[in-house]
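Visitor: After the C-alpha cells below, expect a handful of questions from me.
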C-alpha cells in the first residue's frame, strides 16, 4: 500500500499552510488494482481527523490514474497513516523519528538510522524532511536568527528564506534600522558596498568639503589624487554634481582632431609651451611644457608619467655616458645590470630616450624616420620590431670574434669545435645555437642533424623503387613521390628527370639531367 496520509498538526504558535494535491489514490496491495480517485478536500480532512477510513472506497467521479500519491507539504509533524495489509485491520502509523528505528507496518527493527530512513523512503514512499528537533517551536523574530528545529543560526539575508523554503513560514523581513548607512553611502542597488562603506569610515560625522584644495576627504581621513577625488565623493559618499563648484576654463577650446594626429600632438596642444624641453634633472622640478614647478621630486615624476607618459627612474649618475652595446647590459646612469638585451633596450627607450638622442650620430633626424630606432653602427633606421631584433643581433655578435673568417666549420665535429672562432663548446645544443645565430648556418645545421640520425649513411638509394624504400633510413614511404620528397628534405639528394619530363616536385627540377649531388659536403 503506497498511499500517504497525514494528521493535522496542532501548533498554536505557528500558522501552517495545509495544502493537498489534486489527486488521492488508493491501491490494493493484493491485486495492484486502482480503486478510485478522490478530489474532495473536505472528505480527506474528515478522514484525517477521524484517523480512520471506510472499508469501501468512494464512488469515482473521473477517470482513474495510476501511481498517484498524496503529498502534504510543510507539516511540522510527519506522522503518516498507512493501511494495513488486510482491509479489516486498523491503520498503522509509521514514526520516522522512532529512536529504536522500528517500522510498525513491516514490524521490523533496523540497526542504523540511515538504513531505517532508506527503508521508509524506498518501501513506503515516505519522503520526510528530517530535522534535528522536529517538535521544537520556531521563533521567526529571533535576534540571533536561530532555527529551533534545525538547531543552528543563519545569516540575516538567508534566515527568512530558510524559514520559507524549509518550514513553510512566510514572514516579512523587517526593514533595516541601520541609520548610519543612509547619509554617508550611495543609495543604489549595491547594498553590500553601501554597508561596507558606511561601516569603515574613520570620521562618519565629519563634513566633507568637495572643493578642498588638497583633495582631502574628512570622513575617510585620506587625501586623493585630483582626478579621483570627485569620483570618490560621488561613488562612496553619494555627492551630486550640484555640490561641486564649476572649474574655471584655463585652456583654449579643443580643436577637432584628425585621425592621423598622434598622441604626442594632442599633448602638445594642451601644453602651454609645446616646443619646450622637459628636463628631468633640474633641481626645481620644473616642467617646461606645462610651465609649472612642483614642490617635490616625487610629485614631479608622477606628473611626467601621467601627463606626458615619461617614465623617470632614479638616476644616480646623470652625467655618465651609456654604452648601448655593453656586453653586461649595464646602465651607467642608473648603475644597474639587466638580465637580457631586450630588457636593457626597453629600459633605455623608456627611461633615457633623450640621452640616446645625444649618443647617436649627428645626422639631422628630423629628415629621417623615427630616431628612436636608429642604429649608430649601421647608420640606418628601422621599424620597432625589426630594430629590436637587429639590436639583439649586434649584442650577440659582439661576444664572439671571427679569428679565421675563411675557415670551414665541421658541423659533425665530435669536440663541438668552431674553427672560425677557435672555441670549444660543452655540448651539441650549445654548439648548434652558436653556429645558427653567430654564423648563419641554421639550415645546414638542421640537415647535418638529420643525417646523423641515418642508420646506413653509405647505402645507395633506388629512386625508382616501386615500394618507396629508402636504403639509408631502412624505411618505406608512400610511393615514389614520397621517396623523392624524403630524399630532398632529409638527405639533400635530388633524383634525375624521367624521360625528359619535369618531375611533380618543384625542388627536383633544379638538377634535372645531373648527377646526385648533396647540398653540402
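Using N, Cα and C of the backbone, Cβ positions are placed for all residues, glycine too.
Curation plays no part in TrEMBL annotations; they are all automatic predictions.
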Visitor: Among the residue ranges 212-243, 244-275, 276-307, 308-339, I'd like the one that TrEMBL describes as region 'Disordered'.
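Guide: Region 'Disordered', as annotated by TrEMBL, spans 244-275.
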Visitor: Tally the residues of the domain 'C2H2-type' (416-439) by DSSP class, grouping H, G and I as helix, E and B as strand, and everything else as coil.
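Guide: Once the DSSP states are binned, the domain 'C2H2-type' (416-439) shows 12 helix, 4 strand, 8 coil.
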Visitor: Could you please provide the mean pLDDT value for the domain 'C2H2-type' (285-313)?
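Guide: Looking only at the domain 'C2H2-type' (285-313), pLDDT averages out to 77.
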Visitor: Of the residues in the domain 'C2H2-type' (101-125), how many are helix, strand and coil by DSSP?
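Guide: Helix, strand and coil residues of the domain 'C2H2-type' (101-125) number 12 helix, 4 strand, 9 coil.
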Visitor: Residue counts in helix (H, G, I), strand (E, B) and coil for the domain 'C2H2-type' (285-313), per DSSP?
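Guide: Secondary-structure composition of the domain 'C2H2-type' (285-313): 11 helix, 4 strand, 14 coil.
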